[in-house]
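Q: Below: one structure in structure tokens.
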Amino acid sequence: MSPAGVQEGDDAGEVVHPWLDHHQKELDAGALFVLKSKGSWLHCGYHLTTSIVAPALLSLPYAFTFLGWAGGIICLVIGALVTFYSYNLISLVLEHHAQMDNRHLRFRDMAHDIMGPRWGKFYVGPIQFMVCYGAVVACTLLGGECLKTIYLLSKPDGTKKLYEFVIIFGCLMLVLAQVPSFHSLRHINMVSLVLSLLYSACATGGSIYIGLSSKGTEKDYSLAGDTPSRIFGFFNAIAIIATTYGNGIIPEIQATLAPPVKGKMFKGLCMCYAVVVVTYFSVAISGYWAFGNQAEGLLLSNFLVDGKALLPKWFILMTNMFAILQLSAVGVVYLQPTNEVLEKTFADPMSTQFSVRNVIPRLISRSISIIVATTLAAMLPFFGDINSLFGAFGFLPLDFVLPVIFYNLTFKPSRRSSIFWLNITIAVVFSTVAVIAAVAAVRQIALDADTYQLFANL
């Protein structure tokens with residue numbers, strides 16, 4: 001068998017592009033079946049946009065309540081610049097190794113080769129899995145919350161519980177999880193890109209409408225709380241912004257590109273960040289302008305006050321539907337590292353992808369994975385607090401720190417060069433921020449612990 005992940009169509013089982021994996025003469029089933037290398041830069045742009053521009057961006061006005069106008073905009077700009085720079089660096093490192101016939105298809109493989117086996121096995125691999133699976137749980141929970149909002153709009157006195165809607169959304173995820181490979185998601189992720197623009201436009205338009213009318217709350221942009229609360233709130237907000245810019249699967253996305261890969265990732269990133277600039281800044285600025293320090297953790301919650309809609313119900317329903325549909329795509333994208341591990345564990349690379357030998361284990365393992373994620377989302381409706389910890393502990397190291405370390409270790413720029421010291425500065429600053437943001441997230445969990453209740457109807 002030739003060691004490659006490129007096949008003649010989504011249903012094909014034959015390998016056509018020969019390149020060698022550094023650690024083995026044949027690709028394992030996870031790389032061969034899930035990380036097929038067949039995509040164009042456009043497909044890469046769809047994957048990148050879906051993984052970054054998600055409904056989590058609707059929490060940006062809430063982050064601004066801890067940062068104020070100047071701090072919020074500065075952090076938003078820095079987050080965009082640093083992640084765009086970091087993602088380009090990690091792409092250059094991947095291209096460099098690919099040109100040396102040692103193409104890395106997974107984040108942990110990069111860490112294994114560049115930093116040593118223990119870094120890949122005991123740090124990068126577990127952290128990435130935790131962050132990505134956490135994102136699947138968070139998407140399932142948020143999807144359930146959006147479904148419940150639609151239900152209460154049509155039936156204000158309804159008695160259905162949040163966990164029931166989480167289970168309904170989990171059923172949608174159960175179907176989408178069976179999409180065989182990352183590359184197979186390209187059309188779904190193209191629709192996802194359009195949906196992100198639509199609900200961002202709705203959120204922005206709704207905020208401006210309420211801000212200009214007399215329906216909204218009185219605007220107050222002051223920072224609430226005492227000094228310790230403001231300090232911890234500041235770092236909590238940074239963790240929120242880092243999570244919205246977070247990706248954690250850049251190598252896996254670049255693995256979907258057909259060789260040669262040179263230059264394709266940069267085009268995909270440019271496309272993605274064009275959408276980022278349009279959506280993030282419009283939602284953050286309009287939402288904070290309209291609601292000030294009363295902005296909720298999810299901007300759409302501000303469109304309802306005591307069950308009363310501040311906008312036409314059809315508009316709120318439509319916005320929530322756009323968000324729900326995109327959340328399903330985001331959840332499936334972040335399920336890919338889990339799918340890859342499951343495929344590697346249970347599938348047989350010597351059999352075809354759609355043989356009975358591989359289809360049955362795939363169906364069972366992916367279904368169990370979604371059932372577990374749905375159960376966690378239903379059981380832990382306060383998962384948002386936990387996800388802030390994941391953002392600080394996971395997205396900041398994976399997306400802000402490791403790319404610059406990989407670049408310096410791979411290309412070894414001169415210590416007199418500006419790029420060396422820029423990378424060192426980014427690594428030190430964001431490592432420090434990650435530690436403090438993790439402490440802030442733990443503090444928030446401790447403060448909210450009294451309100452936690454399993455299967456609560458929040």
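Note: Cβ is positioned from N, Cα and C throughout, glycine not excepted.
For 38-442, the entry in TrEMBL reads domain 'Amino acid transporter transmembrane'. Residues or ranges marked as transmembrane segment in TrEMBL: 70-94, 122-143, 163-179, 191-211, 231-250, 271-291, 311-335, 363-383, 389-407, 419-442.
Provide an account of the burial state, proximal residues and distances for the features listed.
A: Tertiary proximity for the transmembrane segment (122-143) is limited to same-chain residues at least six positions away from its ends with a CB under 8 Å from its CB atoms, namely 54-56, 107-108, 110-111, 165-166, 169-170, 172-173, 246, 248-249, 298, 323-324, 327-328, 330-331, 334-338, 341, 370, 373-374, 376-378, 380-381, 383-384, 386-387, 390-391, 393-395, 397-398, 402.
Same-chain neighbours of the transmembrane segment (419-442): 82, 85-86, 89, 232-233, 235-236, 238-239, 242, 385, 388-389, 391-393, 396-397, 400-401, 404-405, 407-408, 413, counting only residues six or more beyond its ends whose CB sits under 8 Å from a CB of the stretch.
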Q: Going along the chain, which residues at least six beyond the ends of the transmembrane segment (271-291) come within the CB cut-off of under 8 Å?
A: 41-42, 45, 48-49, 52-53, 57-58, 60-61, 63-65, 69, 72-73, 76, 80, 84, 193, 196-197, 200-201, 203-204, 207-208, 210-211, 216-217, 219, 221, 244-245, 299, 302
Q: Could you name the stretch, out of 70-94, 191-211, 231-250, 363-383, with the greatest number of CB pairs under 8 A to the transmembrane segment (389-407)?
A: 231-250
Q: Have the transmembrane segment (163-179) and the transmembrane segment (231-250) got at least three CB pairs under 8 Å, pairs 6 or more apart in sequence?
A: no
